[in-house]
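Undergrad: Next up is a structure, given as structure tokens.
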Amino acid sequence: MWLLPLVLTSLASSATWAGQPASPPVVDTAQGRVLGKYVSLEGLAQPVAVFLGVPFAKPPLGSLRFAPPQPAEPWSFVKNTTSYPPMCCQDPVVEQMTSDLFTNGKERLTLEFSEDCLYLNIYTPADLTKRGRLPVMVWIHGGGLVLGGAPMYDGVVLAAHENVVVVAIQYRLGIWGFFSTGDEHSRGNWGHLDQVAALHWVQENIANFGGDPGSVTIFGESAGGESVSVLVLSPLAKNLFHRAISESGVALTVALVRKDMKAAAKQIAVLAGCKTTTSAVFVHCLRQKSEDELLDLTLKMKFLTLDFHGDQRESHPFLPTVVDGVLLPKMPEEILAEKDFNTVPYIVGINKQEFGWLLPTMMGFPLSEGKLDQKTATSLLWKSYPIANIPEELTPVATDKYLGGTDDPVKKKDLFLDLMGDVVFGVPSVTVARQHRDAGAPTYMYEFQYRPSFSSDKKPKTVIGDHGDEIFSVFGFPLLKGDAPEEEVSLSKTVMKFWANFARSGNPNGEGLPHWPMYDQEEGYLQIGVNTQAAKRLKGEEVAFWNDLLSKEAAKKPPKIKHAEL
């Protein structure tokens, strides 16, 4: 375990502490009793009971490293669940950066990181003396499957304002969560199996917290949105949830889902000094490594950073979801085409400028000069192969389509970032929404178009709807900020209402809200921003262009299959 002071939101600290019951909440779970705390928000009579760090699985240590999660051990005392759990192991420096961006904290908390991290946080506005049945919203955080944690997302405001039970879960990340040898010795997808285990825990226990196990909505952003999308496709998650929301990430996001990751496993073996005579030997070697040794290995892998100098086909900036035959039986494209998945009501959305600032900055795109010529853009698109998956021979055609209409190098840079946003998020999201709709499930789409007042000073003022920007609205941060503009407070209330209405009924619409059309053959969607309004055919032309380009390419040549043996 290691410590790092992180600037995090302790949203509860902004709350006033009036009107809560005299004694703190104690709730029974299948494993034992847990003690929480009450948090009251100004202007709202009903306090929220908060339980932080409730274990939903056994610590994944020793022989449970690279293994499916096991049920938590029971305890006979009252467990104190009033402080944040450790976050799963990850690069602490990069996590510091992202936490600073995604939380509005004034208070510096010392956060722990540990391999023992399978905990969840519960925020319930229910009167625990009565048997309430409130809708449950289970949040899966983002971070490229290598970063993040539940403490960054305080569910108090959403729970209090919308009368829903919010659960923020954690799951193993990086090597701990997604290391795969492609065989039975380490299938991978451990982090997703943790998510499934958390959903089982919710089914078994959430009624005691005033939640309805028959009304569970899973929602997540970025890799959390991709996780939601994977769970929609997974037979293991059947009947564990009833509605789903993917914000800026789906199972067709190329960087996050691969058939196998044997090539990355090979790289890990070399860096770890492990023999790979057999998978069993390799996995045994990695299980012997200490937590710190695996962290050191994580730093050497340089996750989330694109290599703009080496061979991008040999670079592994992500340890993604893999086809393991269990959680994910086939590639998402096949499962979607066969219409064989959990056809629950589904909201799929993207932000207006997914590659506006945060992602190119984190991934190390050389754009500091703020301008770009066509040749460099074409080269950058090819260097982005691990996340864009565009064959080298198509890169000039693509950059010409997007950048060819202007000679202004500043505009070219902006258009290149639009191209990246479309390839990585826009096109996959629309494709998933269409397939979901065609399988007969109620589907809704949105595009978020607002620049939060929380935005980093470093982010150019022109960037509106950057990756992650909707999170502030979804969790009601502006309602606690005090000095947030009125339009932002109003927008946040609208977004929370849409999300919670959807959690209640599978339809986001309700009294006093702009109409959000269902995503049908006309492809109506909602533009969410200062002027929230319906529009049609989100990214329609762009999707047509990319589908046409990639299908022509696929028809031209037989697929090359490259095997990396372990």
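Backbone N, Cα and C define each Cβ position, glycine as well.
What Swiss-Prot records for this protein is below:
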SIGNAL    1-18  signal peptide
CARBOHYD  Asn80  N-linked glycosylation site
DISULFID  Cys88-Cys117  disulfide bond
ACT_SITE  Ser222  active site, acyl-ester intermediate
DISULFID  Cys274-Cys285  disulfide bond
ACT_SITE  Glu354  active site, charge relay system
MOD_RES   Ser379  phosphoserine
ACT_SITE  His467  active site, charge relay system
MOTIF     563-566  motif 'Prevents secretion from ER'
Undergrad: Within the chain of Ser379 (phosphoserine), which residues six or more apart in sequence place their C-beta under 8 angstroms from its C-beta?
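TA: Sequence-distant Cβ neighbours: Thr395.
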Undergrad: Using a 10 Å cut-off on CB atoms, tell me which of the recorded positions Asn80, Ser222 is the least crowded.
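TA: With the recorded positions Asn80, Ser222, fewest surrounding Cβ atoms within 10 Å: Asn80.
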Undergrad: Kindly assign the residue listed as 'active site, acyl-ester intermediate' to one of the three DSSP-derived states: helix, strand or coil.
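TA: The residue in question, the residue listed as 'active site, acyl-ester intermediate', is coil (DSSP, three-state).
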Undergrad: Tell me, how many other CB atoms lie within 10 A of the CB of Cys88 (disulfide bond), whichever protein chain they belong to?
TA: 28
Undergrad: What is the one among the disulfide-bonded residues Cys117, Cys274, Cys285 whose Cβ has the most other Cβ atoms less than or equal to 10 Å away?
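TA: By the 10 Å Cβ neighbour count, Cys117 comes out on top.
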Undergrad: Determine, using Cα-Cα distances only, which of these recorded positions is closest to Ser222 (active site, acyl-ester intermediate): Cys88, Cys117, Glu354.
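TA: Given the candidates Cys88, Cys117, Glu354, the nearest one is Glu354.
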Undergrad: Given the recorded positions Asn80, Cys117, Cys285, which one's Cα is the least distant from that of Glu354 (active site, charge relay system)?
TA: Cys117
Undergrad: Going by Cα-Cα distance, which of the recorded positions (Asn80, Cys88, Cys285) sits nearest to His467 (active site, charge relay system)?
TA: Cys88
Undergrad: Determine, from DSSP, whether Cys285 (disulfide bond) sits in helix, strand or coil.
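TA: For Cys285 (disulfide bond) - judged by DSSP and reduced to three states - the answer is helix.
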Undergrad: Using DSSP reduced to three states, classify Asn80 (N-linked glycosylation site) as helix, strand or coil.
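TA: It is in a strand.
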Undergrad: Suppose we draw a 10 Å sphere around the Cβ of His467 (active site, charge relay system). How many other Cβ atoms does it contain, all chains included?
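TA: Total other Cβ atoms inside 10 Å, all chains included: 27.
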